[in-house]
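Peer 1: Would you mind keeping the following structure in view while I ask a few things?
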Amino acid sequence: KAHPIRTRNGIVNQIYHWPNRTVPYMIEDDAFADSHYREILRAISIIEENSCVIFKPATEMDFPMALVITSKGLGCNTVHLGYRNKTQVVNLEIYPLGEGCFRIGSIIHELLHVLGFEHQHVSQNRDQYVSIQWKNINPQYNINFVNNDNSTAWHDFDEGYDYESVMHYVPRAFSRNGQPTIVPLREGAENMGQRFYMSEKDIRKLNKMYRCPDHV
Ligand SMILES: [Zn+2]
């Protein structure tokens, strides 16, 4: 069996892409204040404005293959990567707008997991771009610095590694001592770990993943 090509951070296999480039979604009513509900919709709009991907309110007919956005636990996380023939769930812990899971880039980050993107810093070629400082990582979080999914074909859509990606972690992610855990090895990493916007490469990768006719 050939060694899988996992040099990159986007799922290339179309069975993991949302059919018709459409994500039926349901934001749990009682989970969010109006202000937070609107911030989730704003993140959705940013993705829609920059690609051909559409999020549409789910109907009963869409389930189980729909996205549920809720706030039932700590942190911000997404249960599966991409479209998996079962209900997808994003959890967003409540923070004030602009902080934690409610930075606009944090919401976009989770929605890009939903669409099929893994973290940039776990791509197979990352050691050419960042040096992982294992001695500084709180060991219970080591899992966040590896990608053990060898069954998936990953791709960078010819865009390359992207320090500025909203899917990258910050330099001190999961540090146990305040020292850096991810040290960039090249120029251009000033905005590493930013959670303010989709980078240009994030946008192009998404458009290529979903074969958006007007954007690629
Ligand atoms: Zn993530």
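Heads up, the Cβ atoms here are built off N, Cα and C, so glycines get one too.
In case it helps, TrEMBL gives these features for our protein:
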- Glu110: active site (ACT_SITE)
- His109, His113, His119: Zn(2+) binding site (BINDING)
- 9-213: domain 'Peptidase M12A' (DOMAIN)
Peer 1: Helix, strand or coil at His109 (Zn(2+) binding site), per DSSP?
Peer 2: helix
Peer 1: Need one number: mean pLDDT over the domain 'Peptidase M12A' (9-213).
Peer 2: 94
Peer 1: Using Cβ atoms only, which residues of the same chain lie under 8 Å from Glu110 (active site) while being at least 6 residues apart in sequence?
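Peer 2: Non-local contacts for Glu110 (active site): Cys76, Asn77, Thr78, Val90, Leu92, Cys101.
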Peer 1: Taking every protein chain shown into account, which of the binding-site residues His109, His113, His119 has the largest tally of Cβ atoms within 10 Å of its Cβ?
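Peer 2: Of His109, His113, His119, the one with the most crowded Cβ is His109.
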Peer 1: Which residues, in sequence order, are found in the same chain with Cβ within 8 Å of the centroid defined by the Cβ atoms of His109, His113, His119 at the Zn(2+) site, excluding those residues themselves?
Peer 2: Thr78, Glu110, Leu112, Phe117, Glu118, Val166, Met167
